[in-house]
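The feature compositional bias 'Basic and acidic residues' is assigned by TrEMBL to A:1-12. Per TrEMBL, the feature compositional bias 'Polar residues' maps to A:134-144. Marked as domain 'Transcription factor CBF/NF-Y/archaeal histone' by TrEMBL: A:31-95. Annotation comment: TrEMBL describes A:1-20, A:123-144 as region 'Disordered'.
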Amino acid sequence: MQDDLEGTHSEDSGGEQLLKVGTPLREQDRFLPIANITKIMKKSVPTNGKIAKEARECIQECVSEFISFITSEASDRCHMEKRKTINGEDILCAMYALGFENYIEPLKLYLSKYKDNMITERHHSDESHDPMQTGESSRQGSGK
Amino acid sequence: MDNDRLTQLPMSRIRTVMKTSPDMGNINPEALFLMCRSAEMFIEHMAKGAHRQGKKSLEYKDLAQYVENDEKLEFLLQILPKKITVKEYKTMMEKKPGTDED
């Protein structure tokens, strides 16, 4: 295993960790779960098609690289405009700047579905007088 | 809930990966959602693109080939080296002039 640098090595097995400065990143912090990735890949190849283990692991690394690539670009744009929070537009602009403009239209469609859901949730919570509901989503996906 | 059905990758993990970028600020929920969806689209795009017509399996070399042929995937070149056989490597080294041999 890797040697600790300066930070403490956290032993908890939970999915979401606070990344302490100096703590070496674990595999599960750097990559998305391979099961989810495999499922998505399987939909993109003919049924009964095999996906080599090496290919799956490769995609796993590529996706993380893709996320970092887009995020850096979005983050730069954000800094340039003196903002601290990356928003949806930053992501879409980064896609465009990095050559993934063909993703933009489908993403916008999904975004409007997402927003509709958020509005529906807010209405439900208003009706039930839920004091917890804020503008931020309190559920970030249960990692299915 | 509906939003969970809209994504197939865990958003908490997406956020963790995004946070590994240097000088990252905060990420608003929309941005996180878009990143999640685009990661899924990316996986589909790679798998579909690399898969050879008529072949049943998808292999590492198909991915390496695909990345090499697509300009916008240049950022992946260093993590996806094309594999060569030992024989090819030897031939390559022989062609290089003045290489120091160990």
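Using N, Cα and C of the backbone, Cβ positions are placed for all residues, glycine too.
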For the domain 'Transcription factor CBF/NF-Y/archaeal histone' (A:31-95), what are the DSSP-based totals of helix, strand and coil residues?
47 helix, 4 strand, 14 coil
Mean pLDDT for the domain 'Transcription factor CBF/NF-Y/archaeal histone' (A:31-95), as a whole number?
94
